[in-house]
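Working notes, structure below.
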Amino acid sequence: MGTFNTSLGGGFILVGFSDWPELELIFFIHILIFYSLTLFGNTAIIALSRTDLRLHTPMYFFLSHLSFLDLCFTTSTVPQLLINLHGQDRTISYGGCVAQLFIFLALGSTESVLLVVMAFDRYAAVCRPLHYTTIMHPILCQALAIFSWVGGFLNSLIQTGLTMAMPLCGYRLNHFFCEMPVFLKLVCEDTGGTEAKMFVARVVIVAVPTMLILGSYAQIARAVLKVKSVTARRKAAGTCGSHLLVVSLFYGSAIYTYLQPKDSYSESKGKFVALFYTIITPMLNPLIYTLRNKDMKGALWKVLGRAIVTG
């Protein structure tokens with residue numbers, strides 16, 4: 001690496017929200033509450049998807065993977081953030097920073113691919129209802145899930161390797177976790193070729209899935225408009241609407257963070273956008289799928305009813 005602070009033993013300082021010390025306690029309390037809700041909500045979806053026979057379908061199989069991803073995704077950053085908000089030590093070791101960057105990118109990339117898979121599942125359900133069970137065979141579902149995980153981790157391996165190979169001048173990361181755009185701000189030599197390759201990789205993992213999902217939902221919209229039954233239309237809108245809302249939240253923040261030029265990236269704004277997609281979105285996903293989904297609500301009330309009876 002280039003000019004680097006040796007007094008930290010090759011580590012970094014996470015500036016976090018130290019520029020607003022009067023807000024740190026408020027941030028700590030709210031983030032702790034949101035994190036707890038995220039853990040509870042996503043764990044509940046995984047448990048319901050596994051235990052209720054009505055939810056043993058491809059849609060809920062992929063939803064349980066999404067919930068597990070959100071659990072890991074938010075856990076890769078929030079505990080570190082809570083420690084920094086509560087204490088004075090804001091340092092992170094070089095190895096810890098690289099591990100956090102790799103895990104965060106891997107889980108985010110996996111979710112990006114998985115959301116495309118879920119869009120394909122909804123396309124098959126709405127546009128090919130008679131062949132749905134044949135198309136979404138359990139073996140294919142398993143293969144698509146594995147492909148999502150492998151693709152996400154391979155993308156992260158490439159992005160993390162290229163990021164940490166660039167010469168960095170400085171050790172202060174103006175963020176609350178080790179994120180790639182902040183590292184690019186520390187690059188002190190001309191690495192245009194490497195950054196161009198990284199941008200292409202980000203386009204593949206963010207922009208291409210977005211276009212595929214939009215294409216899938218364009219076909220779904222055409223199919224729904226041809227349906228004469230109002231009940232069938234509402235059912236299709238309910239199941240697809242939840243996924244589309246999650247897609248909008250995820251890709252909207254991802255495009256803002258990863259597809260804008262390095263020179264126009266604002267670290268201060270980036271921190272607050274990162275709060276949204278690392279904490280708020282994983283917390284909202286269980287609510288979106290539970291409140292807008294009749295089967296999930298039925299499974300939840302069934303469990304609650306058993307708890308009341310046995311209690």
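Each residue, glycine too, has its Cβ placed from N, Cα and C.
Residues or ranges marked as transmembrane segment in TrEMBL: 25-48 (among others). Within the chain carrying the transmembrane segment (25-48), a Cβ under 8 angstroms from the stretch's Cβ atoms is held by residues 17, 55, 63-64, 67-68, 70-71, 74, 78, 81-82, 85-86, 275, 279-280, 282-283, 285-287, 289-290, 296, 299-300, 303, all 6 or more beyond its ends.
According to TrEMBL, the domain 'G-protein coupled receptors family 1 profile' annotation covers 41-289.
Positions annotated as transmembrane segment by TrEMBL: 60-78 (among others). Sequence-distant neighbours of the transmembrane segment (60-78) (same chain, 6+ residues past either end, Cβ-Cβ under 8 Å): 31, 35, 38-39, 41-43, 45-46, 49-50, 100, 103-104, 107-108, 110-111, 114-115, 117-118, 121, 141, 144-145, 148, 176-177, 246, 274, 278-279, 281-283, 285-286, 289, 295-296.
Here the transmembrane segment (98-118) has long-range neighbours at 59, 62-63, 65-66, 69-70, 72-73, 76-77, 80, 92, 144-145, 147-149, 151-153, 155-157, 159-160, 163-164, 177-180, 183, 205-206, 209, 212-213, 243, 246-247, 250-251, 254, meaning same-chain residues at least 6 beyond its ends whose C-beta is under 8 angstroms from one of its own. According to TrEMBL, the feature transmembrane segment maps to 98-118 (among others).
Feature annotation from TrEMBL assigns transmembrane segment to 139-158 (among others). If one looks beyond the transmembrane segment (139-158) by at least 6 residues along the same chain, the residues whose Cβ comes under 8 Å of a Cβ in the stretch are 58, 61-62, 65, 102-103, 105-114, 117, 120, 201, 204-205.
Under the heading transmembrane segment, TrEMBL lists 199-220 (among others).
Look at TrEMBL and you will find 241-259 (among others) tagged as transmembrane segment. When Cβ-Cβ distances below 8 Å are used as the criterion, the transmembrane segment (241-259) is approached by residues 66, 108, 111-112, 115, 118-119, 122, 179-181, 199, 202-203, 206-207, 209-210, 213, 217, 265, 270, 273-274, 276-277, 281, 284-285, 288-289, 292-293 of the same chain, each at least six residues removed from its ends.
As annotated by TrEMBL, transmembrane segment applies to 271-291 (among others).
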Averaged over the domain 'G-protein coupled receptors family 1 profile' (41-289), what pLDDT does the prediction give? 88
